[in-house]
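I have placed the structure first, in the form of structure tokens, so that the comments after it can refer back to it.
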Amino acid sequence: MRTLEAFALSLFLVFLVKWVNSDSSSSPSKDQFLSCMSTHSDSSFINPKSFIHKPDSRVYTDFSQSLISQNYRFLTLNFTSQKPILIVTPRTDTEIQRSLLCSRKLGVKVRTKSGGHDYEGLSYLSLHSPFIILDLVNVRSIEINLADETAWVGAGATIGELYYKIAKSSKIHGFPAGTCPSVGVGGHFSGGGFGAMMRKHGLAADNVVDARFVDANGRIYNSRREMGEDLFWAIRGGGAASFGVVLSWKVKLVRVPEKVTCFRRNLPLTQNMTKIVHRWQQIAAELDDNLFIRVIVSISGGSVQTTFQANYLGGIDKLIPLMNQKFPELGLTFQDCSEMTWIDSIMYFNWKKGQPLETLLDRGQRYNDLYFKAKSDFVKNPIPEIGLEGIWTRFHEVESPIMIMEPLGGKMYEIGETETPFPHRRGNLYNIQYMVKWRLKDIGVMEKHVTWMRLLYRYMRVYVSASPRGAYLNYRDLDLGMNRGVNTSFEDAKLWGFRYFGSNFKRLAIVKGKIDPTNFFRNEQSVPPLIV
């Protein structure tokens with residue numbers, strides 16, 4: 001394990017980019033790219049200069065700085081890799097198609113960005129150059145169809161924009177995606193998509209019913225029927241960036257009650273916190289499917305505290321008796337609870353009361369101006385109290401550690417582990433997201449916090465899933481292993497692939513071998529092609 005961690009860190013030190021200092025002016029590819037795009041122009045094709053941004057443009061500079069600010073850890077490492085030769089912000093299918101064809105013709109790598117929330121920056125940074133960023137920010141139309149209770153969502157939209165559009169169309173519909181509104185649907189849906197309604201309705205990916213997609217040859221598939229069930233299966237949880245570019249998703253809307261109930265209850269360590277968290281582990285995945293209670297562990301006032309944060313698809317009058325019967329240890333009261341609409345519950349999870357609904361349209365990254373490192377786990381058996389106490393002790397060693405524990409069960413147990421690439425279903429009690437944040441730009445401070453995270457992860461190994469130790473793709477972690485260029489073998493990639501996908505990884509690699517046998521769409525943790 002130490003060898004793997006040292007290898008990951010050593011690669012990390014030459015990975016990604018300190019954009020403010022790097023220079024790609026020596027690369028001839030940007031002018032060749034523009035020439036290629038112009039050559040492919042036709043009457044329906046807008047002047048490529050209107051959506052292709054060179055390093056000397058204001059759009060490029062502002063875009064680069066905004067992306068780096070999503071995790072300043074990349075700046076602390078003083079990376080020396082090349083910055084993108086161009087940033088492409090297409091508006092149409094044709095512009096996306098032509099961008100891919102020219103990239104392939106010129107040997108230029110592609111990084112496809114939806115919301116830019118990849119924890120390791122793989123949607124906008126690259127170890128290898130030259131590369132472009134294909135930013136789908138202008139591909140975010142949303143069409144709600146209440147007649148058949150579906151929506152077509154452009155891959156560049158955020159889940160906040162989707163929630164907003166649903167709320168403006170209906171008071172009795174919602175969608176089971178994440179609680180962070182600025183996350184892009186392109187990555188969120190294609191990696192699975194946890195959310196507060198997943199116990200009732202499953203992951204976001206479980207509710208995708210169709211898609212439009214373009215492959216490395218520029219071929220556009222306008223439906224799942226055209227692309228085939230294998231590819232459609234792969235992009236709903238297997239990370240679409242390994243296979244091509246999703247243009248849009250068709251999702252199934254779900255019915256929500258006119259009133260839902262939320263609560264947020266803080267418990268300091270002195271108030272029997274350990275025993276209550278231990279009890280939560282035993283019951284959270286077995287509760288009524290309408291009830292989602294997650295636990296957030298953090299430091300407050302120099303001491304460890306937990307926040308029990310919940311969303312119940314129903315009224316207070318039904319929630320309180322349920323809690324008294326199943327989880328009386330928490331001591332929930334009417335005063336702790338608030339009834340609201342489903343869309344207001346999304347606001348409740350993110351902002352203080354009184355924020356306008358339009359706040360959901362803010363595409364800004366929630367972790368702006370922070371440095372952070374994250375990891376994930378899945379827990380199959382309750383962690384004993386002594387194990388929890390070991391976590392609390394370690395939380396006092398750094399300034400801003402966070403651990404979010406989200407329960408599975410319900411619909412998550414009804415869906416088989418091979419129905420989508422996301423395999424972490426029945427048998428898993430809850431997922432853990434670990435994160436440590438800091439603000440000081442200093443290599444020593446960065447090393448301290450990243451080392452702390454890795455030591456906590458090592459400590460947790462006896463309490464979590466094993467063989468393989470599960471991980472969640474949308475909480476990407478390059479410590480698990482990385483590809484070594486275009487020729488990474490399936491056997492080498494299994495090191496990290498089985499962590500994310502279990503036995504589904506082989507099927508993903510076979511699909512990759514059919515749709516992208518030359519491995520054009522690749523990054524440091526993309527699925528390698530397996531030709532059979």
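Glycine is treated like the rest: Cβ placed from N, Cα and C.
Here is what Swiss-Prot records for this protein:
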DISULFID  Cys36-Cys102  disulfide bond
DOMAIN    80-256  domain 'FAD-binding PCMH-type'
CARBOHYD  Asn78  N-linked glycosylation site
CARBOHYD  Asn272  N-linked glycosylation site
CARBOHYD  Asn487  N-linked glycosylation site
SIGNAL    1-22  signal peptide
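Other Cβ atoms within 10 Å of the Cβ of Asn272 (N-linked glycosylation site), summed over all protein chains shown, number 14. Note on Cys102 (disulfide bond): other Cβ atoms within 10 Å of its Cβ, all shown chains, come to 25.
A simple way to gauge crowding: the CB of Asn487 (N-linked glycosylation site) has 9 other CB atoms within 10 angstroms, across all the protein chains here. In the three-state DSSP scheme, Cys102 (disulfide bond) is classed as helix. Following the DSSP three-state reduction, the secondary structure of Asn272 (N-linked glycosylation site) is coil. According to DSSP, Cys36 (disulfide bond) sits within a helical segment. If you take the Cα of Asn487 (N-linked glycosylation site) and the Cα of Cys102 (disulfide bond), they are about 22 angstrom apart, rounded to a whole number. Cβ-based neighbour count (10 Å, all protein chains) for Cys36 (disulfide bond) stands at 19. Between the C-alpha atoms of Asn272 (N-linked glycosylation site) and Cys102 (disulfide bond), the distance comes to 61 Å.
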